[in-house]
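Q: Once you've had a glance at the structure underneath, I'll fire off some questions.
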Amino acid sequence: MYKALRPWLFRLPPEIAHEAALRALRAYGAVRPAPATATGGPLAVQALGLPFTNPLGLAAGFDKNGRALRGLAALGFGFLEVGTVTPRAQPGNPRPRLFRLAEQRALINRLGFNNAGMESLAARLRAERPALPIGVNIGKNRDTPLDRAVDDYRLGFAALAPYADYLTVNLSSPNTPGLRALQEPEAARLLLGALHEDQAALRRRSGRYVPIAVKIAPDFTQETLAALLAVLAEGLCDAVIATNTTVSRPTLGHGPAAREPGGLSGAPLTTLSREIISRVFKALPDIPIIGVGGINNAEDAWQHLLAGASLLQLYTGLIYEGPGLVPAILAGLVERVHAGGQDNLGEALSAARRNLSSGSRPNTVKF
Ligand SMILES: Cc1cc2nc3c(=O)[nH]c(=O)nc-3n(C[C@H](O)[C@H](O)[C@H](O)COP(=O)(O)O)c2cc1C
């Protein structure tokens, strides 16, 4: 069905096609009954203190303002991440700012956090919230000076923690000038330390613990990644999301879109993301990793899990493969679990990781 539709969708400018897809998903969500939320199947995962029916989530940026959550939940995802939202609504960068590289199964975007603002998302989540874990990804407004960035993230935490199962601190969009500087050790410690205090205060006040995930870039040197991971090892976050889009340009051919500035996602990112996942896993074996970047099929998903991810997300794969990609990946993961003679994903991964490297370390996530 999507194969037949895709040529038509791809004749539209990418942002118009995306808007059409969101509207269709919203309409679908209104008529489609909520999906089963039973836990305990072969792909069930318990992580971040939350039960996931399966490990495959929707990555941030697809539904920034939470407009189509029911429809997206009905596609079979195990969780959804909305945002990035900023304290105040902002238009983002001038168009065009989203480009398809169809041959490479990739996108380049420089949207720049176009979003309706945190209060609008809070109102949406208050009004309609499907029964699966929802992560909320927060960022800073473009015109907030970098040395006041902490204020924006604290505002985001205060407004959205009441409606989020976990919050993601986005330090890694390449399209907000200076944002990635927040990944430098001192800045990261300051920001995450402040949010850690807000998290503790919320727990004291309401008894609710809202886990904090940190979303990192794929564009590090060995040293800069090690320095950030050393800060994260200080207990300032509950999960790492690896990775956001890349500003590098691994072999993209010579089409005009390949030269566009912005963040590259999709197939050319797969290996780079996996490399980062594996380095985070080695450095922080006790912190759950949400693996994202270039997942286009079940094998990509499986390899991200083997590299150390406990949960997964995708975005660009959905644009090229359509909504059928979600059940296809889930079926492929179930096959791999059973092929290894195991009953559930956790056991299958432990066995497969053991086989891969006798030095592989335990992860605190329970499946
Ligand atoms: C059009 C577009 C918009 C995105 N917007 C956001 C965003 O607002 N916040 C964020 O953390 N990541 C954003 N991302 C990054 C994705 O969440 C994901 O990390 C990245 O695309 C790699 O995954 P993929 O290869 O499956 O797309 C965006 C990606 C795309 C393609």
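Cβ atoms are placed via backbone N, Cα and C, with glycine included.
I grabbed these lines from TrEMBL:
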type	residues	note
BINDING	ALA60, GLY61, PHE62, ASP63, LYS64, THR84, ASN137, ASN170, LYS215, THR243, GLY266, GLY294, TYR315, THR316	FMN binding site
BINDING	LYS64, ASN109, ARG110, LEU111, GLY112, PHE113, ASN170, ASN175, ASN244, THR245	substrate binding site
ACT_SITE	SER173	active site, nucleophile
Q: To see if you understand the setup: which same-chain residues, six or more apart in sequence, place their Cβ under 8 Å from that of TYR315 (FMN binding site)?
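A: For TYR315 (FMN binding site), the qualifying residues are LEU58, ALA59, ALA60, GLY61, PHE62, SER265, VAL292.
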Q: Including all protein chains shown, what's the count of other C-beta atoms within 10 A of the C-beta of ASN244 (substrate binding site)?
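A: Total other Cβ atoms inside 10 Å, all chains included: 30.
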Q: What subset of the binding-site residues LYS64, ASN137, LYS215, GLY266 lies within 10 angstroms of ASN170 (substrate binding site) at the C-alpha level?
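A: Of LYS64, ASN137, LYS215, GLY266, within range: ASN137, LYS215.
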Q: Could you tell me the C-alpha distance between LYS64 (FMN binding site) and the residue listed as 'active site, nucleophile' in angstrom, no decimals?
A: 14
Q: I need the CA-to-CA distance for LYS215 (FMN binding site) versus GLY112 (substrate binding site), whole Å please.
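A: Taking the Cα atoms only, LYS215 (FMN binding site) lies 16 Å from GLY112 (substrate binding site).
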Q: Look up PHE62 (FMN binding site) in the DSSP assignment and report helix, strand or coil.
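A: Assignment for PHE62 (FMN binding site) reads coil.
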Q: Return the residues near ASN137 (FMN binding site), defined as same-chain residues 6+ apart in sequence whose C-beta is under 8 angstroms from its C-beta, sorted by sequence, else 'none'.
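A: Listed in sequence order: ALA60, GLY61, GLU81, VAL82, GLY83, THR84, VAL85, LEU167, THR168, ASN170, LYS215.
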Q: Whole-number answer please: how many Å between the C-alpha atoms of ARG110 (substrate binding site) and GLY266 (FMN binding site)?
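A: Approximately 15 Å lies between the Cα of ARG110 (substrate binding site) and that of GLY266 (FMN binding site).
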Q: Please give the FMN site's span as the largest CA-CA distance among ALA60, GLY61, PHE62, ASP63, LYS64, THR84, ASN137, ASN170, LYS215, THR243, GLY266, GLY294, TYR315, THR316, to the nearest whole angstrom.
A: 20
Q: Which of the listed recorded positions (ASN170, SER173) has the least company, meaning the fewest other Cβ atoms within 10 Å of its Cβ?
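A: Counting other Cβ atoms within 10 Å of each of the recorded positions ASN170, SER173 gives the minimum at SER173.
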Q: Using a 10 Å radius around each Cβ and counting other Cβ atoms from all shown chains, which of the binding-site residues LYS64, ARG110, LYS215 yields the largest count?
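A: Its Cβ has the most other Cβ atoms within 10 Å: LYS215.
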Q: Would you give the longest CA-CA distance, in whole angstrom, between residues of LYS64, ASN109, ARG110, LEU111, GLY112, PHE113, ASN170, ASN175, ASN244, THR245, the set recorded as binding substrate?
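A: Max Cα-Cα spread across the substrate binders: 16 Å.
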